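So the structure is just underneath, and the comments pick up after that.
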Amino acid sequence: MSGHHEAKPYQPRRGPAPADEEAAPAAAADEAEAEAEVEAMERYEQEQEYEEGEEGEEEEYEGGEGVPMDADASAAAVAGMDPHGEMVPVAGGEAGGGYPHVASNTLTLSFQGEVYVFESVSAERVQAVLLLLGGRELAPGSGSVPSSSAAYSKKMNFPHRMASLMRFREKRKERNFDKKIRYTVRKEVALRMQRNRGQFTSSKSKAEEATSVITSSEGSPNWGAVEGRPPSAAECHHCGISAASTPMMRRGPDGPRTLCNACGLMWANKGTMREVTKGPPVPLQIVPAATNDVQNGIVEATGVEQHNSAVEEAVSAANGHESQSGVA
């Protein structure tokens with residue numbers, strides 16, 4: 001039992017020993033990466049400064065008036081500035097050039113026996129200057145970028161594009177796609193039209209309207225056209241009586257002014273059509289011709305007209321027009 005309770009001596013756990021030899025290369029790699037990042041940042045800042053300087057010079061040129069030159073004139077101007085007859089961007093110590101060894105982004109100019117050296121000049125900037133002088137481009141082997149000329153041409157066309165855009169906007173302001181209601185024209189038309197108690201009336205006078213009564217095929221005058229109402233029927237659609245034999249034509253199921261006075265009142269009050277009473281037919285009597293009194297020169301009227309008027313009164317009484325005429 002005592003063997004189970006014996007305590008083992010404490011042995012602390014020890015971690016692996018630090019590798020000094022491996023830490024040194026890691027630190028060196030970190031320092032190299034940091035230096036590379038610093039150099040990259042400095043290079044990026046320099047490039048940004050160069051681009052800003054180029055944009056500033058281009059804006060100054062756009063503000064002034066540039067006189068374009070042809071290729072021959074620009075070549076002669078450049079040849080006059082350089083004793084060797086050309087502008088040489090030096091990329092290193094060239095054989096026979098006589099120039100010291102400089103960096104690849106350095107521009108060297110000679111004018112009147114004096115040499116000018118410009119530091120940090122890119123090939124794009126040199127080509128832009130040559131294009132301003134008259135359209136001369138760099139040689140293919142001088143490190144020029146083809147896309148730079150296109151980018152510069154876009155910048156040169158920018159003022160023209162802005163001018164055209166401003167003209168388009170001015171024209172667009174004058175356009176109005178909404179419908180304009182010309183109240184002045186409507187007012188002129190309304191003033192020319194004739195009115196009767198505030199309502200527009202026909203341009204014809206009352207005398208002309210009275211004389212222009214339209215007669216239907218049956219021979220009944222169309223009085224509704226004079227009053228501005230729809231034309232009335234020549235006869236009642238229910239009982240068949242003529243429009244001239246009734247005091248007025250009234251509204252019916254077929255429309256306005258389609259029933260006689262009696263049928264129209266029945267339809268308006270009760271909503272039904274009245275029963276038409278058919279009386280016995282009246283026999284026609286043959287009356288001898290009228291006799292002429294040659295001595296007195298007086299023509300005696302026959303009883304035909306009186307008989308016809310009596311027949312019409314009998315028909316009207318049978319249809320009930322005499323009893324309804326007072327109600328109308």
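Here, residue 1 is simply the first one shown, and the rest follow in order.
Just so you know, glycine gets a Cβ as well, placed from its N, Cα and C.
Predicted, not measured: the structure shown is a model, and the values here were computed from it.
Noted in Swiss-Prot for the protein shown:
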REGION    1-68  region 'Disordered'
COMPBIAS  14-29  compositional bias 'Low complexity'
COMPBIAS  30-39  compositional bias 'Acidic residues'
COMPBIAS  47-63  compositional bias 'Acidic residues'
DOMAIN    100-135  domain 'Tify'
DOMAIN    161-203  domain 'CCT'
REGION    198-231  region 'Disordered'
Going by DSSP, how much of the domain 'Tify' (100-135) is helix, how much is strand and how much is coil, in residues? 12 helix, 11 strand, 13 coil
Helix, strand, coil: count each for the residues of the domain 'CCT' (161-203), based on DSSP. 24 helix, 4 strand, 15 coil
